[in-house]
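What follows is a short report on a single structure.
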Amino acid sequence: MAPGMSGRRGAALLCLSVLLAHAASRSHPASPSPPGTQASPILPVSYRLSHTRLAFFLKEARPLTPAAINGSLQRSEPFVVFQTKELPVLNVSLGPFSTSQVVARELLQPSSTLDIPERLTVNWKVRAFIVRARVPASQPVAQVLFYVAGRDWDDFGVTERLPCVRLHAFRDAREVRSSCRLGGALATCLVRAELPLAWFGPPAPAAPPSARRKSPDGLEPEAAAESQQVELYYTLHAPDASGGCGSARRGPGPGPGAAARAESPTQHPLLRIGSISLFRPPPRRAVQEHRLDSNLMIRLPDRPLRPGEVLSILLYLAPNSSSAASPSVEHFTLRVKAKKGVTLLGTKSRSGQWRVTSELLTGAKHSTATVDVAWALDTPLPPWEGQGPLEILQLDFEMENFTSQSVKRRIMWHIDYRGHSALPDLERAVTELTVIQRDVQAILPLAMDTEIINTAILTGRTVAIPVKVIAIEVTGLVLDVSDLVECQSHSEDIIKVSSSCDYVFVSGKESRGSMNARVTFRYDVLSAPLEMTVWVPKLPLHIELSDARLSQVKGWRVPILPDRRSARESEDEEEEEEERRQSANRGCTLQYQHATLQVFTQFHTTSSEGTDQVVTMLGPDWLVEVTDLVSDFMRVGDPRVAHLVDSNTLAGLEPGTTPFKVVSPLTEAVLGETLLTVTEEKVSITQLQAQVVASLTLSLRPSPGSSHTILATTAAQPTLSLVKQEALLSLWLSYSDGTTAPLSLYSSRDYGLLVSSLDERVATVTQDKAFPLVVAEAEGSGDLLRAELTISESCQKTKRKSVLATTPVSLRVHFGRDEEDPTYDYPGPSQPGPGGGEDEARGAGPPGTAIPAGEVPGLGTAGPVPPTEDYLPLPTGFLQMPRGLTDLEIGMYALLGVFCLAILVFLINCIVFVLRYRHKRIPPEGQTSMDHSHHWVFLGNGQPLRVQGELSPPAGSALETVPACCHGDHHSSGSSQTSVQSQVHGRGDGSSGGSARDQTEDPASSPTSKRKRVKFTTFTTLPTEELAYDSVPAGEEEDEEEDLGWGCPDVAGTTRPTPPPDLHNYMRRIKDIA
């Protein structure tokens, strides 16, 4: 073999051996040590709720079967939504994969009594307030105010779509109905149901005396008035076509149970409001009396007055006024002074027995009147004993207008008897009048929601609920008097109220809750309480760590950073590179285990003030997660032992024990605490578990056993079903201490992750620092992937990577029957494909669209080049775009290219040799000259074939004009031919051989030619240096007529000597080799 050729073949073999050795080292990973009993990995997805105002994720306090719910391919999470204006959206994500689902109305309000088409009414409640609990027969009207609690008062778009409310009043077997429609800014309406007077009749004989109550005037009415009870219920129904609610119904009807059955199937059942009492007050005049002195008295209406109203006050002579001890009343002067706001219009006599003269004087601040009263008869005034009051005169006063809601007006009275001294000023009488703008019979405070969850204890942010106070007039008019009321909280340790009385709130300084936290509102002489339910978090908080004992991990070295948190959260590439250089200077240390943390609590309250009975929101079986609420107030007692990576992750720093606590945002008091231990013991990674996740599916359903909570279940699909579909790996680490942790718990800067495909015809891998993606190429299944976890590049001590763990990954790629993407039939990673090792790709495209081998559309037709990589045609007919290559792939492809180039050079040399062999022939017999002929020289001691005379040319021959081949003109043959001659002679007889130049130095007649006889023959040349050993003579040895000619072809025409047998055998061997 030629030296040049042997060197190139050796380089090619060296490249091939390197590739095979590298592939062998990558196909046999070290088996991890058999793990012990490890906790099962759980799909590490993250849930997030949006478009909500108040919602919590939950956890069962005593889970029954957690293993059946959560696993490596499934995870369930319960949650509850308290306040929202629109349908919430639940998002679940895993790395770059995410999916969302809108929470359906049926899950949010499974049993809502207030159903509005195409409107969300979560936490909406219809509240009812009885205006008057005791209804007199003089005003036989039952009044109930309805309003919608839990609705945002700024939501005006729904006020025109609210339903009607029907009030049902039952008295024994009789029923009265009346309806109103909810509306207005507060979504309120007042139902007034007129009750039959027969319902105020005598009571049943069985009425107990204990049922009697005292009337407001202090009198005790008969038991008959107190025993009449009327039960009140309500239902909701849609308005009619005109938007009305129908007319009221009065008369006999079925009882409550029968009435519920009488409603249409779409109506809600009867909901109880309460009961009212009916009574008949004793007949009495609604007047009040005031004694001016022992002789005179006045009477005026017993009711509030209205602006502009004329008030008539009558002056009477009281009974028993003409006694001996009393001064004479036959003639007296009455002086009246009305304060500002009251005008005295005039006076007139009510009886002809009295003569009345008056003088009126109106001033800027008050008006006065002097009235002279005298007995008009000639007879003296008889004693007035045992008789009723005697009317004397009438005084008319007018109430002036004012801006406030109510005012107090005063009228002063002074009497001067003729002939007697006046009464002292202390005995002067004063009458006080109440003048109001409206005749309000009741006030009702309304809160936007009836419950308040005190999260301010955890966050320090105030939670407030707006409040409105409305007044109800006797006529049924509803007014907003929120700006005119006063308020006070009964216990600020539970709930507080603003100074302007427009909202109630909790600030975080409260210590307990209550089912009936009370705030009292006052309007003029009226007052009414507002009762709220206040929920407070149960303390101490429950802090849950996935691992309370953290250890160092053997072999896992990470860079030493000044602030691990800032390094993890940094996203700037320049900052990341700078930190990497700094960490290289600081060195590396062993990685500590990480632990996830969650904070839970229960919101509870007391059943009523003064009792210790505890009521838990959602029941005692649920814990509410408040990790996000307290994330800003988490503290590690000793920052040298551990630190917070983020709001959900703890990491160890050095051995020790430290408390982890949640502090109050207002008082720095500890709300919850747990101990964290960082041990000196080291643990090792026993197993790297990997699961392919091709897609995520999210499903929502009601939580079993609770109508308020919703269970979200996320399932991971491990099978890739589409061409070019991407999947990621869910990776978990198992430690020797029996704990497991997701790899995503650690920063991607602290490790290296290499995912490789063992058969790239089935799947390829797109390397990513945190989430390598698997791309489906063709159908297949098995352990087709391998995941390798290494330490950070900056902590590698040698060029050989430190592998922490490696694991095979099972992958299944199966395209559905309806899938039109091409599939790939392959015999396996270690077997050649059909057709002499070339793989076969079958496309699913239409006939005539397949791309033949060696042809690429738009690039012309190439020759039959052996394939180096198989590409699957895309169903759209477009060319597949190349993916980015990693450093490992670039190196492997470079070695493969060198190997292929060496093979190509070898093939070219072979082709050139064959072509030249087939086209070269010896010259025909008698040819005088041959261009490009090779001269074979045989040097030996055998006898010459011819005598000296025969070898010498005759005189005058053409030797002088025709170049003699014996001289071997090297100028005509070329250097390459000379080189071939030298190599062939060296191999033919073992001698060093001679060149043509050496032969010309010794003429044919030289005496030295007798010592060594030279034999010449001529063959067809092969002008290839490297393949000289494959030379084949142009002549056929078997042909007797074309034997080898020795000497020059121009002089050998006369004699055809027979070649020696050894040369004949040698040339046959050369031909056989070719």
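Yeah, the Cβs are placed from backbone N, Cα and C, and that goes for glycine too.
Features as listed in Swiss-Prot:
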type     : residues  : note
SIGNAL   : 1-23      : signal peptide
CARBOHYD : ASN70     : N-linked glycosylation site
CARBOHYD : ASN91     : N-linked glycosylation site
REGION   : 205-224   : region 'Disordered'
REGION   : 243-266   : region 'Disordered'
CARBOHYD : ASN320    : N-linked glycosylation site
CARBOHYD : ASN401    : N-linked glycosylation site
REGION   : 564-587   : region 'Disordered'
REGION   : 816-867   : region 'Disordered'
REGION   : 962-1064  : region 'Disordered'
COMPBIAS : 1035-1044 : compositional bias 'Acidic residues'
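Shown on the structure are the features that Swiss-Prot records.
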residue: ASN70; record: N-linked glycosylation site; Cβ contacts under 8 Å, 6 or more apart: ILE42, LEU43, SER76
residue: ASN91; record: N-linked glycosylation site; Cβ contacts under 8 Å, 6 or more apart: TYR47, ARG48, LEU49, SER50, SER98, THR99, SER100
residue: ASN401; record: N-linked glycosylation site; Cβ contacts under 8 Å, 6 or more apart: PRO307, GLY308
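Reduced to three states, the DSSP call for ASN91 (N-linked glycosylation site) is strand.
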